[in-house]
Amino acid sequence: MALPSLLLLVAALAGGVRPPGARNLTLAVVLPEHNLSYAWAWPRVGPAVALAVEALGRALPVDLRFVSSELEGACSEYLAPLSAVDLKLYHDPDLLLGPGCVYPAASVARFASHWRLPLLTAGAVASGFSAKNDHYRTLVRTGPSAPKLGEFVVTLHGHFNWTARAALLYLDARTDDRPHYFTIEGVFEALQGSNLSVQHQVYAREPGGPEQATHFIRANGRIVYICGPLEMLHEILLQAQRENLTNGDYVFFYLDVFGESLRAGPTRATGRPWQDNRTREQAQALREAFQTVLVITYREPPNPEYQEFQNRLLIRAREDFGVELGPSLMNLIAGCFYDGILLYAEVLNETIQEGGTREDGLRIVEKMQGRRYHGVTGLVVMDKNNDRETDFVLWAMGDLDSGDFQPAAHYSGAEKQIWWTGRPIPWVKGAPPSDNPPCAFDLDDPSCDKTPLSTLAIVALGTGITFIMFGVSSFLIFRKLMLEKELASMLWRIRWEELQFGNSERYHKGAGSRLTLSLRGSSYGSLMTAHGKYQIFANTGHFKGNVVAIKHVNKKRIELTRQVLFELKHMRDVQFNHLTRFIGACIDPPNICIVTEYCPRGSLQDILENDSINLDWMFRYSLINDLVKGMAFLHNSIISSHGSLKSSNCVVDSRFVLKITDYGLASFRSTAEPDDSHALYAKKLWTAPELLSGNPLPTTGMQKADVYSFGIILQEIALRSGPFYLEGLDLSPKEIVQKVRNGQRPYFRPSIDRTQLNEELVLLMERCWAQDPAERPDFGQIKGFIRRFNKEGGTSILDNLLLRMEQYANNLEKLVEERTQAYLEEKRKAEALLYQILPHSVAEQLKRGETVQAEAFDSVTIYFSDIVGFTALSAESTPMQVVTLLNDLYTCFDAIIDNFDVYKVETIGDAYMVVSGLPGRNGQRHAPEIARMALALLDAVSSFRIRHRPHDQLRLRIGVHTGPVCAGVVGLKMPRYCLFGDTVNTASRMESNGQALKIHVSSTTKDALDELGCFQLELRGDVEMKGKGKMRTYWLLGERKGPPGLL
């Protein structure tokens, strides 16, 4: 993480005096000294603090030192506050690091809050710290915390539809820091807050403890959370196995946040928490019981920066502290301390740049809220309580033969979403258990009465079951007969004689209007050329009076096996708005072809490569959403997967709805190109690495390959630079495919400009083209992801407008085809003139005969100007000369304002009125747009020459004001789009009270411009305005180039 330039000095507690004139920063550390069982022990965290200080030293030209005040081994709630008080009294630190234990952290946090001193820790997981009241207002947790674990558990319950109850078991010896109690506390509070019935019990480490635990489980819940040492879990599971609680009706979540149970130990191998030094029968029972266990751990950051950090951490721990640390999730805490220190330095720098000081601890802590940045532990996201969002992993017995536990899901705390790896959870009964099965807990329910049935009831029940079985059997037989009849009827078959071919331009004319988005060149379906880069038109024809797309199949004949017949039936059955409709197939040799719905706008690749089409992000998100919907439906259908998804296989119909084509009918597909041809490799740019290797894949694997292809298409849509764009590299498709197939780290993927794209969109791309198929999301998850950051959603205005224009143009072509060209030309001129007089949206409403409703705008900026001395000039000139002068001047002005997001309202004589912020709202950009336009007009006037008086200087007087207005159309004859409100009057007063060749702005406009900090303004003073009284006004002098200066 790059830090802005700032002079820092970290003064040592044993270093003596701060250098005169230097701005020193003192860090104080309060952490356990020797006890390595704590993830936040000083020998574990100290190397990370040293590495953070060195990182600051590399980024900043300063002398950096640090010291610590260690505690003696244990988490002492008495020694920790005493140490903190000593540090404050004798060294006055600017930042406290630690403690990690809950009780000491609570004591020290109260002191730090009183001192207004930032307290940064990656421990202190208790839920109570999330409430940043007066006691903990300066506490910042950059590590995991129990409430975030609770959020993950609530998300799990929502996924599995567990909404009734849960049971919690934990070990609590009430000694030291009670880690199990505070960990499960977050789960308890989160589930209780979700209106679940949650019961908890402390596990008794005594004879009879396992029996008490299973009795508690039977009475209180099928979803069980256990937090304690692994030995405790083994004892409970062995008793549960004896009582048949591991039959699939219960699921046991083991909260092992540091994953110690999954690490190799003296009696177990890696990923096998069920192994223990027990008898053979007990070991087998444990292995079977662990099929019902899911382990929850923190997620180790997958980024290479963390791996490098961990290697350096282990080396520094050995060299500086003499301890041997191994790879462990406990090292994540050290990384969180590292990121926390760099985050503090970044925020402190911003605070000083804004005029604050390092003593302003509350301000520094407040600036950390809601911050996002990339650290060594990955993406660091702080919530509004200054607690870091935490990622978790859900582990399950992924391999029943070996018993190895593998990741089943990853949870992203920043996105509040679970990403399933694709490895199924081995539910004993094939599905997750119910958390509230009938008659399990509510025994008072009358339906739970187990009184034996009478003989008459048994006979009636048997008769009913017999009739039901007879009805079901009859239905199945009937369905089977209908299926065979449908297969034999071959409703899909099209004779070659039924397809009519003719002038393609005639089809093109009947396919829809070409007036929208300059799409004449993309009016046919598209195929890739032999070079694999550009598109050519697909074959089209007529079938039963409709234009259809015809795809020829390079096969001599098709054998109608039962499998082929089923493929063709499935193609007829699968119909969806975002899939091209399968019309039929022709199998008459040699004219074998597939006939599908015709989409006149061409392929998605055509549209993306057509530079004349301006695709805004709302339109792009609409195309992406259509593609995701189509693939989600396809994956859930009988066809199951596409297998060859690419942008050229996504076509757009006349209403700009994207549809997927070339799916299904595997028996018809063939590759015509040679194995080493350029076109073949160009088509493989969208192909997943596992398919490039040539190994056959199961259905789920093909679906994950489709997700990879979608990721490449997503990059095409975002950058519009072609498939697999590589910045600065000129590689052939064959070279690209070979690099992807090799799979060497770092994996070869397209280039992404993170500065220009939505961060969540970039993250989705990277997950879709992950090397491991299990890491890729499915289209159901992608649909939810797209829905979150495409908040516009729904049918767009553009889509509705295009649909109406298409329908209107088609009707005209059919009714008056001979006069269409002349009519359209006159219509185009009339519309162009109308759009110059009125805003486009208003003109469309008037064209439809609708009443234009007045619209209120909360904030716009209005520009008024006139010519000083125009009356005298007019008196000395002929009327024709005056008209020529105004025409020259306003033609110049009109050309200039086209470069800005403004709307010209009217010109009356020498008065010129312009507004920004309506009719299209542009957020807060209206004030700077008008300011830049005014400066440009003032600059143009200086060089403007009057034809009949070339030696006279034209003097323009400008007034600008910002405020609310109401806009609407006035009158029926020669309607005008007018603005109303006091803002218009005030803007006029600003102009009339201004001075020649100056820009007179109000205080509200000045405030709006000050938010950018790049405009030069000068106070004019209080000016008496007619009807307004005194108003404070300013002169706009110009705009500074470049960003505001840094401290």
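Any Cβ shown, glycine's included, is placed from N, Cα and C.
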Response to the item:
Record (Swiss-Prot) lists phosphothreonine for one of T516, T540, T851, namely T516
Worksheet entry | Residue from N244, N610 to which Swiss-Prot assigns N-linked glycosylation site | N244
Fill in: the domain 'Guanylate cyclase' (861-991) - residue tally per DSSP class, helix then strand then coil
52 helix, 39 strand, 40 coil
Practice prompt. Tell me whether C75 (disulfide bond) sits in a helix, a strand or coil according to DSSP.
Written response: coil
Practice prompt. Write out the long-range same-chain contacts of C101 (disulfide bond), meaning residues 6 or more apart in sequence whose Cβ is under 8 Å from its Cβ.
Written response: P32, Y38, W40, C75, E77, A80, G123, A124, D176, D177
